[in-house]
Amino acid sequence: MSHISPIPEILADIKVGKMVIITDAEDRENEGDLLMAAQFVTPEAINFMIKHARGLVCLPMDGEMVEKLGLPMMTQKNGAQYGTNFTVSIEAAHGITTGISAADRALTIQTAVSPTAKPEDIVQPGHIFPLRAQKGGVLVRAGHTEAGVDLAQMNGLIPAAVICEIINDDGTMARMPELMKFAEEHKLKIGTITDLIEYRSRTESLLEDMGNAPVQTPWGEFQQHVYVDKLSGETHLALVKGTPSADTETLVRVHEPFSVMDFIQANPRHSWSLPKALERVQQAESGVVILLHRTEDGASLLDRTLPKGANQAYKWDSKSYGIGAQILAGLNVKKLRVLGQPSSFTGLTGFGLEVVGFEEAEK
């Protein structure tokens, strides 16, 4: 087997309890995970994962399942590079020995994903690592956690999966050439998160387009587009200059969180202040500035006003990528020239977007 399987074929294998390999983007973790629907897990499946894949066996679940089990997050301040939402590790409360064997780990997973599972059915810590998927799945965050829950959910299965990173014999991460060989050897299909995003995007949107109207700003007239986030209920704005074309580069600035401090702060934490971004787009007579709303409580607003926090670089919320990407795709933007410092943007290709360059703010 030497090709990427389309998502319908991946879904078909997941539905009958088979494992698949799911890969993410080269500019993200650039790894492949063994993945199967959690409700079909067996000791044999766990043994295959730990023997052949060698990574950490994790249990992606949707938020409702995590809350049902009363699982706290592993840390209140997530410093992981890609924001993976680990809860505390778990073990089945009954029927296991040390918890580490393939049979024990399978029983822990079976217990946790049972429709009748209760908090007292599991204990912490343990040898299985649950992951809380973002609501909205890969349309919000392009991770294996969300892909696992999506693939189960799209088949009408319990919204949980078992995943394990594939590692080479020498301890390095398996990349696509090794993953192709692994898939052929074990007769497994390979799917990509990018394809899953594209597949869902054809028929789904997490945003409701509320319409648009011209708006006057100190930097000229823009067309203001208003969107409501179906998951959070928050309102997002896009200020558009000109008519974006799929064939030409579009200046793009995605600004989040949108706050009064973006107007009055002399040294904002964003590389491009909002006024500078609007001025630059006005000069170019073409571009899009997106204002993503996120609730900012008193403590975080106070932190931004104090000297110690005023110049701290802003850390993007992983949910911002998916929401911003959907807005841009809906505006017919395809080729992005980003107003910002060079960085990687995960999962954009699944939305039909391409970053062709960056433009840093003048100091």
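Placement of Cβ uses the backbone N, Cα and C atoms for every residue, glycine included.
Around the Cβ of ASP33 (D-ribulose 5-phosphate binding site), the number of neighbouring Cβ atoms within 10 Å comes to 31. Following the DSSP three-state reduction, the secondary structure of ASP33 (D-ribulose 5-phosphate binding site) is strand. Annotation comment: Swiss-Prot describes ARG28, GLU29, ASP33, ARG141, ALA142, GLY143, HIS144, THR145, GLU165 as D-ribulose 5-phosphate binding site, evidence class similarity to another entry.
Cβ neighbour count for HIS144 (D-ribulose 5-phosphate binding site) (all protein chains, 10 Å cutoff from its Cβ): 28. Look at Swiss-Prot and you will find GLU29, HIS144 tagged as Mg(2+) 2 binding site.
What Swiss-Prot lists as Mg(2+) 1 binding site is GLU29, and the listing cites similarity to another entry.
Here Swiss-Prot flags 1-202 as region 'DHBP synthase'.
The region 'GTP cyclohydrolase II-like' annotation in Swiss-Prot covers 205-363. Looking just at the region 'GTP cyclohydrolase II-like' (205-363), the mean pLDDT is 82.
For HIS127 (among others), the entry in Swiss-Prot reads site 'Essential for catalytic activity', with the evidence type similarity to another entry. Its own atom aside, the Cβ of HIS127 (site 'Essential for catalytic activity') has 17 Cβ atoms within 10 angstroms in the protein chains shown.
Look at Swiss-Prot and you will find GLU165 (among others) tagged as site 'Essential for catalytic activity'. The Cβ of GLU165 (D-ribulose 5-phosphate binding site) lies under 8 Å from the Cβ of GLU31, GLY32, ASP33, ALA53, ARG54, GLY55, LEU56, MET173, each of these being in the same chain and 6 or more residues away along the sequence.
Under DSSP, HIS144 (D-ribulose 5-phosphate binding site) is assigned to a helix (H, G or I) in the three-state scheme. Across the structure, HIS127 (site 'Essential for catalytic activity') and HIS144 (D-ribulose 5-phosphate binding site) place their CA atoms 19 angstrom apart. In the structure as shown, the Cβ atom of ALA142 (D-ribulose 5-phosphate binding site) sits within 10 Å of 29 other Cβ atoms.
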